Amino acid sequence: ALSLGYTQLRTFAPLPASRAARLPGFPGSQLLVDSVQICCLPSFFSASFAIQRFFFLKKKKKKNRNKNYIPIFYLHLPSSSPAPPPCAPHSPTFHSQRRMEGGCGSQWKAAGFLFCVMVFASAERPVFTNHFLVELHKDGEEEARQVAAEHGFGVRKLPFAEGLYHFYHNGLAKAKRRRSLHHKRQLERDPRIKMALQQEGFDRKKRGYRDINEIDINMNDPLFTKQWYLFNTGQADGTPGLDLNVAEAWELGYTGKGVTIGIMDDGIDYLHPDLAYNYNADASYDFSSNDPYPYPRYTDDWFNSHGTRCAGEVSAAASNNICGVGVAYNSKVAGIRMLDQPFMTDIIEASSISHMPQLIDIYSASWGPTDNGKTVDGPRELTLQAMADGVNKGRGGKGSIYVWASGDGGSYDDCNCDGYASSMWTISINSAINDGRTALYDESCSSTLASTFSNGRKRNPEAGVATTDLYGNCTLRHSGTSAAAPEAAGVFALALEANLDLTWRDMQHLTVLTSKRNQLHDEVHQWRRNGVGLEFNHLFGYGVLDAGAMVKMAKDWKTVPERFHCVGGSVQNPEKIPPTGKLVLTLKTNACEGKENFVRYLEHVQAVITVNATRRGDLNINMTSPMGTKSILLSRRPRDDDSKVGFDKWPFMTTHTWGEDARGTWTLELGFVGSAPQKGLLKEWTLMLHGTQSAPYIDQVVRDYQSKLAMSKKQELEEELDEAVERSLQSILRKN
């Protein structure tokens, strides 16, 4: 009764009072009261924002009356702050990034800067769900409950927005091609309701690949010796030593105690004997069925095992004679079931990403837009707001840590076309196989920060990832970048146990500084060093995570300086991209020097670009920093035939210039790669710089003088000395 899943039920019976479930941490809330599901979540948004309709590419009508889809209703309650102008209402764009990030005391200094992100709808025509966003004239949870009950809806207060409510109707189809006009009008006619907006659905895919000697620490788990990514002795024809180096972290006493990881997926088998002990019920929820029991829906194939497998990688218990061992085997795992419905909605994504941000430390996501090599998609408005709020307010203000699988589109795709993996607020993780080569499904892009391990090339049955499976089973067949992201979440849990004061940005800095090239091999892209000597690769990022090195550095880590944001400049005049050769543009910036939002040391750089082409998939975009580091912002995607939409204010992101001086001349190159000649038009390029004014590593403790931290600190000290000498000389000259 609590979990309806995908049954064809149109009504359901209320639970008796003795069975009504109260939500942990929310006094007075109750689930399934009468025939309406009710749950209350904390509100933490202060800013009002415009909820915009999602625009989908219209194609030829196709009748489809046999599918059972989903519906969703939102409630947006009034806020004191005005809403911003809408994003390009006549274009297929759907969200804006405004003053959303202010993490660790920082402010969005580029006031008024607005950009929209273009997407493709995965459906041929809009799909309307049973979820609505509704705005009441009179704010209040009791009012919302009463209104919802009278109209036959369940209601949940959105945890990421002041005054927003999520209305859902279990009697409606999960999704359908036509709007639920009767219910929409029913809500709009209620004098207490200011606005009711029905949610449209879109595709989100799990990232998995379907086919595919003892150490000093004593483990009796039967699959432990097959977990080569934890301790690689050459199992499954692998390369000895090519692993996550978790043994060193464990030997130092770090096993993930006191840290909770939320697995945002299709549910987890929390009754599994290898997961039950570490399961955190208070931090778990099922947003697909609107109840606190995120158990996977039964299918007769492997499909809904995805979340259970990811959970086992992180938090499978140690030395219990069951399956294998989690990377952070004493951490707690929370199940956030949110993928198991025909179509995703903005409200489900946003609610999942913002669920229990004071209980959950790390959110692991092994899913994203369709990896078909022709989709350009990313988070909608509510989800962007939820992520921004997470990095600002999660974990008591230190920021929620979001770990994202970079994607499984292989050489046909580019993860910079995925707005989740390319977000500044996520740590994007790619994968390598056990001999250091790339997996066949790995996508390359300049936003990937680091890598872990998976399989996708070898036929050896033990070359996959060993973990928990549904119904108490174990598996050796987990794969894809789906497997890579939870491994990273486990390593980050070890680092958080070493230092619970780490912020979300600290974790990114630690990732850059402690990841290693090890024996990773990319047949296409060479390893290069950026302007401050940090080695990176277009596919593997800054290398494979090293748990031992990360926990040792985390112990002494001091929070990095405040983060600032600068619009470095823009090119607004349309420029044609030639059929052969390249369009080369330059932009000189002082990185807002002399202003309060001056960015001296870079973290993330975004090139916000509007461009059209006769064939978008043949477009190649590179950007070179003032210190000479070239980032491939967009590589060829041979399956992308788009000739109309292009990229509309799309924020291509690079991490390859980490630590560099932002001041100087930036160069943007656009050209076509392919056999047939193409035409294109660049309409806009805006350079967004994100980083610190003061040196981030100058106060850090250095224990390994061969480390990247030691090298970076030495360079910062030299720069500080050079600048001090320059200031002294200028002072002397002025006096003379």
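Glycine is treated like the rest: Cβ placed from N, Cα and C.
Annotated active site, charge relay system per TrEMBL: Asp265 (among others), in sequence order. For Asp265 (active site, charge relay system), the number of other Cβ atoms no farther than 10 Å from its own Cβ, over all displayed protein chains, is 30.
Summarising the annotation, TrEMBL assigns active site, charge relay system to His306 (among others). A simple way to gauge crowding: the CB of His306 (active site, charge relay system) has 26 other CB atoms within 10 angstroms, across all the protein chains here. For the recorded site, His306 (active site, charge relay system), the DSSP three-state label reads helix.
Among the features that TrEMBL reports, active site, charge relay system is placed at Ser482 (among others). Ser482 (active site, charge relay system) carries a helical DSSP state (H, G or I).
According to TrEMBL, the feature domain 'P/Homo B' maps to 559-695. Per-residue confidence over the domain 'P/Homo B' (559-695) averages 97 (mean pLDDT, predicted model).
Long-range neighbours of the coiled coil (707-734) within the same chain, counting only residues 6 or more positions beyond its ends whose Cβ lies under 8 Å from a Cβ of the stretch, are 512-514, 532-534, 549, 553, 659, 695-698, 700. Positions annotated as coiled coil by TrEMBL: 707-734.
Helix, strand and coil residue tallies for the domain 'P/Homo B' (559-695), in that order: 3 helix, 75 strand, 59 coil [DSSP]. Asp265 (active site, charge relay system) is 7 Å away from His306 (active site, charge relay system) when you measure Cα to Cα. In this structure, the C-alpha atom of Ser482 (active site, charge relay system) lies 10 angstrom from that of Asp265 (active site, charge relay system).
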